[in-house]
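In TrEMBL this protein carries:
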type    : residues                                                               : note
DOMAIN  : 29-300                                                                 : domain 'Gcp-like'
BINDING : His109, His113, Tyr130, Asp294                                         : divalent metal cation binding site
BINDING : Tyr130, Val131, Ser132, Gly133, Gly134, Asp162, Gly177, Glu181, Asn266 : substrate binding site
Amino acid sequence: MTVVIGFEGSANKIGVGIIRDGEVLSNPRRTYITPPGQGFLPGETAKHHRSVILTVVREALDEAGLKPADIDCVAYTKGPGMGAPLVTVAIVARTVAQLWGKPLLGVNHCIGHIEMGRLITGAQNPTVLYVSGGNTQVIAYSERRYRIFGETIDIAVGNCLDRFARVIKISNDPSPGYNIEQMAKKGTQYIELPYTVKGMDVSFSGILSYIEEAARKMLRVGQCTPEDLCFSLQETLFAMLVEITERAMAHCSSQEVLIVGGVGCNLRLQEMMGVMCKERGARLFATDERFCIDNGAMIAQAGWEMFRSGHVTELPDSWITQRYRTDEVEITWRN
């Protein structure tokens, strides 16, 4: 049996998870939450992570019923992500690996999401829609790489939702995206927004600029409600994502879709994707907030796959990078 502990802290979540041969033994995390109308800054986020990470490590070990001697490998998020939080987690992971005398593994955050999704859902060879606050990509596996078929050309879909939440002062607790989802359920009027699909790629910055300006004007004169705006934004963004995912499926002759990343636990997105999959005779795979949202277990699972296929990160190479594309990683553990 191989036991891997994973450290994740690329954005405002700090998580530590433990995996043993495909079984999630523990997966505690904490979230840095800012006041309504504010985002989270790298320095303040890193400060939060430093204040709680050792507590989360202890929780992970206690929940798993393990001691440091039972761990075979220490995995951490190498990137992509916010610089200061990534450094915080990497320093702790390096320290723990040396104190415990365990090998170290730097993991690509995006690969962590994909491998966790495959583990939890049982999807075999899906077209992957990876949607989060920092990334929006349509991905398929081919020849030892997760190939990016389409992606955002500017901001991520989660960032678009988060920034709109700040405009209308939606709470960040538990997350702005979740609160937009709940408000959208009460929307009754669809407001037409720019729809920007360019081949296999999407653009969200123009939609955000448009709705930011429209929201101020329309709300001021009572032309719509905040709930209508949330509904309209979700419908437009998610329709774009479904379109490029379907196009990638057609290209790959795929009959499976896996949605991963923090935005992936949005039930409306899952519903819209499910309609498309049903029309194509395909299957949809998705997870709930335990595994869609950034967590330590996903880094442990990707680390488990890498460690079992012979990967180890030497200490001089255990740096972090804010830009680390999904298709840079050689996938040695898949046929």
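Quick reminder: no glycine exception, Cβ is built from N, Cα and C everywhere.
For the domain 'Gcp-like' (29-300), the mean pLDDT of the prediction comes to 97. Ranking the binding-site residues Gly134, Gly177 by other CB atoms within 10 A of the CB puts Gly134 at the bottom. For Gly177 (substrate binding site) paired with Asp294 (divalent metal cation binding site), the C-alpha to C-alpha distance reads 14 Å. His109 (divalent metal cation binding site) counts 27 other C-beta atoms within 10 Å of its own C-beta, drawing on all protein chains shown. Within 8 Å of the centroid of the Cβ atoms of His109, His113, Tyr130, Asp294, where the record puts divalent metal cation, the same chain has further Cβ atoms from Ser10, Cys110, Gly112, Ile114, Ser132, Asn135, Val260, Gly261, Gly262, Met298. The two recorded residues, Ser132 (substrate binding site) and His109 (divalent metal cation binding site), show a Cα separation of 11 Å.
In this view, His113 (divalent metal cation binding site) is surrounded by 33 other Cβ atoms within 10 Å of its Cβ, with every protein chain counted. When the alpha carbons of Tyr130 (divalent metal cation binding site) and Asn266 (substrate binding site) are compared, the span between them is 13 angstrom. The two recorded residues, His109 (divalent metal cation binding site) and Gly134 (substrate binding site), show a Cα separation of 11 Å.
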